[in-house]
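See structure below.
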Amino acid sequence: MNNGFSTGEEDSRGNSDQICCLVDDGDSCRRPAGNASYSKRIQKTVAQRRLKLNIDPQARHTYICDFHKTMIQCARTKQRRPKDSEDDSNEAENDLPEVDWFQLQVNTLRRYKRHYKVPTRPGLNKAQLADAIQKHFKTIPVNEKEIMTYFIYMVKTNGNKLDQKNGMNSDSV
């Protein structure tokens, strides 16, 4: 079992024309089923996040499509917004978009981990690696004014960071 989604030997099935076993907000899903299984752990996540997903009682299997698998993974990683005070609703932090680390390839996540020297235990699966990187990413301090100034300068000069590292600028090319 990997991140609550079953992907082992028990998933090999002969019939490749199966469709997703889920009912999404009253409509049966018509997407092809993948190798992820709708396990008890996934059902618990769906209930906690109040997703409108149920297993189709007429389905003869528990395999779900990649769309619903990604939806459940994203719902699992999203942090709930604090509802205790309304006066901090003007803060820009609450309006920032979330980075969906699950959409990146494992090799990209590993490169990020290696570049920033993120401490993790060996043998993490993609979901665990994405969670660790997401926690690290949220701790990186950002000087927005400096970044925006630098970005505008680079756009106006048609330059990029690599040109500056190599001692070149857009005028010498």
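These residue numbers are counts, starting from 1, taken along the chain as shown.
Every residue gets a Cβ built from N, Cα and C, even glycine.
What TrEMBL says about a protein is an automatic prediction, not a curated fact.
According to TrEMBL, the features are:
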- 16-87: domain 'Histone deacetylase complex subunit SAP30 zinc-finger' (DOMAIN)
- 104-156: domain 'Histone deacetylase complex subunit SAP30 Sin3 binding' (DOMAIN)
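Counted with DSSP, the domain 'Histone deacetylase complex subunit SAP30 Sin3 binding' (104-156) comes out as 38 helix, 0 strand, 15 coil.
Here the domain 'Histone deacetylase complex subunit SAP30 zinc-finger' (16-87) has, by DSSP, the following mix of helix, strand and coil residues: 22 helix, 14 strand, 36 coil.
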